C-alpha cells in the first residue's frame, strides 16, 4: 500500500490503495444461509476461526448495513426472487460469495425441478467456494480471495 516514505516523515501512496485497503479491512457480511453450508459459515464466525481477524467480524441482519452476501446452500426457485430483492437492497459496492456445491451449481439436487442451478443465474458472484459442505477454512480462503480482488479494483476512473 505504501509506495514511498520520504525523509521528512511523509508517506506517499495512491488514493485507490488507501480506499481499497479500508474496504478489505471492513467487510460487513450478511448471512443468506439456506442449507447445511450455513452451519459451516457460522462455524467460521465462531471463536476457533474468528473471521474478525480478516475484517469480516460482525454478520449483519439487514442488507442495507452489509456489503458482502454469502449465499450458503441450495437455492430453490421460490427463494430466488427473495435473493435478488435482498441483493438489490445492498449498498454499493457489494460483493457475493457463493458457498458450497449447491449454491455454485445445484450440487446434489442439480437435476431437481425446484432448484436453481447456481446462484450466479440470479446475482453476480465474485468468489466461488467449492465443497459439500465447504469447510470453515475454505470460506476464510474465499474471503481472502475476495479481499485480493478488492485490492485490484480502481476507485478512481482511469482516463
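From the backbone N, Cα and C atoms, a Cβ is placed for every residue, glycine too.
Small disclaimer: the values here were computed from a predicted structure and weren't measured.
Taking the Cβ of residue 132 ([4Fe-4S] cluster binding site) as reference, residues of its chain lying under 8 Å away and at least six apart in sequence are, in sequence order, 100, 101, 102, 107, 108. The [4Fe-4S] cluster binding site annotation in Swiss-Prot covers 36, 37, 102, 132.
If you draw a 10 Å sphere around the CB of residue 102 ([4Fe-4S] cluster binding site), it holds 29 other CB atoms from the protein chains shown. Residues 36, 37, 102, 132 make up the record's [4Fe-4S] cluster site, and a Cβ search at 8 Å around their centroid adds 35, 72, 73, 74, 99, 100, 101, 103, 107, 131, 133, 134 from the same chain. The binding-site residues under consideration are 36, 37. Their Cβ neighbour counts within 10 Å are lowest for 36.
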